[in-house]
């Protein structure tokens with residue numbers, strides 16, 4: 001292929017072990033540690049200064065050192081205090097230094113390793129092929145000094161994450177790009193590109209050449225969310241709007257009644273009681289804004305990259321082949337604007353702390369944005385089934401849904417709810433007013449369930465459900481007729497069986513060829529080689 | 001991909017999995033599970049029963065209502081346990097294991113062998129004394145696995161062996 005990639009020599013010690021930024025231990029403690037340290041140090045300084053002045057109480061804030069310094073005993077005293085101060089500061093600095101010295105990480109051809117701890121040592125290894133996502137985040141404290149942390153997420157929940165905190169920002173970005181690149185290569189199997197870059201174990205980490213890194217870093221823009229739209233959509237949040245309207249009504253009613261009926265301000269006095277609730281809503285909305293502000297999504301050959309956050313910049317990555325299910329939701333208040341929110345289930349990122357970030361694939365977007373995001377996910381946005389799943393209703397065009405007997409349970413949405421079978425993807429739609437579409441590739445079906453409660457039983461109904469990996473998206477069709485539910489089990493089960501068989505397993509070359517994968521161009525967009533379905537199972541031991 | 005399992009797969013037609021009834025060879029769980037659950041129920045209810053009887057003897061005959069209520073609850077519980085246990089059935093198909101449960105709230109889960117992560121066999125002291133074990137099936141999704149309580153220990157072990165073998169075989173083809 002290309003010229004052999006010469007591994008750039010890393011900046012640190014033997015065997016490829018590297019260290020984090022020296023300020024890391026301090027920053028890892030966070031604001032609390034800084035505050036506590038600051039308090040103690042200032043106390044000590046106070047002590048030292050005030051001990052020059054025997055007349056003053058040590059707790060007095062003002063250092064009265066100006067007229068102190070008389071007497072013999074006092075000479076001893078300040079020096080001791082000063083010495084204590086120096087020793088304490090040195091001890092803290094020393095502890096930080098030792099902690100820093102003992103925290104090392106390295107990236108080999110097969111895994112990422114992190115060693116830390118002085119007394120209780122820990123050595124954590126994450127095989128490259130187990131990497132589910134790599135994220136760089138910048139807590140506000142670290143951001144002030146230009147540092148980032150790299151979180152390597154692996155299957156097995158947040159406990160198994162490997163956090164490299166902190167690194168200088170360019171280094172963090174480079175490391176993230178490198179890890180992603182290595183991880184995606186192991187995913188693809190030992191292709192020629194990987195063979196070129198292969199380094200023997202224990203050697204310096206394979207650095208991605210600048211060009212490749214740029215490609216991984218930037219990608220092609222997919223969607224950018226204007227902050228104005230984000231603010232508007234965040235405020236158009238059902239419960240918040242209802243709460244705000246109630247609050248206003250209450251205030252108005254209270255005011256009016258106190259004027260008309262002379263009941264006094266008693267009603268208005270109830271308003272402050274509602275403030276905590278209003279505050280809670282406000283906090284939730286603001287957090288949403290902070291999280292999703294400046295949202296930009298780009299696309300690389302094998303992943304969608306999101307950068308967002310107003311205070312804390314986050315860069316997260318959704319590897320396309322680990323997407324298990326996609327959902328597009330349109331709350332009723334967004335309908336006049338035609339906005340949608342999209343979420344995905346990604347294998348390996350369960351209900352961890354990273355869930356929020358993983359959850360919102362697209363915080364708010366127009367239908368064009370939805371199409372733009374669906375395309376790299378392998379779904380054809382112009383498929384009539386997808387259009388019908390987003391907007392349609394009724395039973396035409398291959399849709400199966402609840403029978404009229406379900407009207408009792410779904411008086412409005414029974415005509416819209418339902419499922420349709422695509423070539424490779426199951427389409428589920430629900431909701432008449434707030435609309436929802438779920439896409440699950442057959443190859444991603446974990447298991448199928450049917451369930452039936454006593455009331456459904458009396459009407460001859462049952463719920464059919466496709467079980468996906470943990471995540472925000474769930475695909476259930478409620479209140480189908482029993483026969484339809486059993487048919488669902490049958491046809492979706494059969495499609496899943498076919499999909500499991502057809503996914504090329506032990507031959508990575510075949511997989512690569514099928515995707516038409518070469519480093520320069522992304523996977524083809526043709527619906528026949530959909531990215532969602534061509535990949536092996538995420539829990540296949542091979543991957 | 002051939003099936004290396006030493007045991008023949010009990011096949012059924014691809015179609016025909018039903019929420020209720022059906023032509024497939026649905027297999028029940030061991031009746032010992034009824035015994036086990038009844039024993040637990042009895043132990044739980046024994047305390048209020050004894051207390052109620054003692055109080056009724058000591059204080060006032062009106063308190064006989066308490067043991068009577070306990071007996072009624074016990075009878076209802078026993079009826080429920082019997083029905084619940086008899087509602088658990090399972091069948092192994094070519095590529096899935098299907099487990100049905102419940103009467104009032106019916107559920108059915110169909111787990112493809114290729115999606116199995118691991119299979120747990122568990123049995124507490126009571127279950128061991130009765131020679132039964134529960135077989136828990138785990139997939140990548142915590143909610144999707146099925147559990148089969150009350151299989152005879154040998155059956156449970158054999159089932160696990162079969163499931164693991166088929167899981168391996170069919171996963172390899174993924």
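Each residue's number is its place along the chain shown, starting with 1.
Just so you know, glycine gets a Cβ as well, placed from its N, Cα and C.
The structure displayed is predicted, hence computed values, not measured ones.
Residues or ranges marked as transmembrane segment by TrEMBL: A:26-45 (among others). Below 8 angstroms of C-beta separation, residues 81, 84-85, 88-89, 92, 96, 139, 141-142, 145, 147, 165-166 of the same chain, each at least six residues beyond the ends of the transmembrane segment (A:26-45), sit close to that stretch.
Per TrEMBL, the feature transmembrane segment maps to A:79-98 (among others).
What TrEMBL lists as domain 'YdbS-like PH' is A:100-178 (among others).
Under the heading region 'Disordered', TrEMBL lists A:187-219 (among others).
Sequence annotations record features per position, and here TrEMBL assigns compositional bias 'Low complexity' to A:189-211.
Residues annotated as transmembrane segment in TrEMBL: A:241-261 (among others).
TrEMBL lists A:267-286 (among others) with the feature transmembrane segment.
Confidence over the domain 'YdbS-like PH' (A:294-365), given as mean pLDDT on the 0 to 100 scale, stands at 81. According to TrEMBL, the domain 'YdbS-like PH' annotation covers A:294-365 (among others).
Residues or ranges marked as domain 'YdbS-like PH' by TrEMBL: A:414-490 (among others).
The feature region 'Disordered' is assigned by TrEMBL to A:498-543 (among others).
The domain 'YdbS-like PH' (A:414-490): residue composition by secondary structure is 17 helix, 37 strand, 23 coil, according to DSSP. Across the domain 'YdbS-like PH' (A:100-178), DSSP classifies residues as 24 helix, 38 strand, 17 coil. Long-range contacts of the transmembrane segment (A:79-98) within the same chain, counting only residues at least 6 positions beyond its ends with a Cβ under 8 Å from a Cβ of the stretch, are 22, 25-26, 37, 40-41, 44-45, 47-48, 51, 118.
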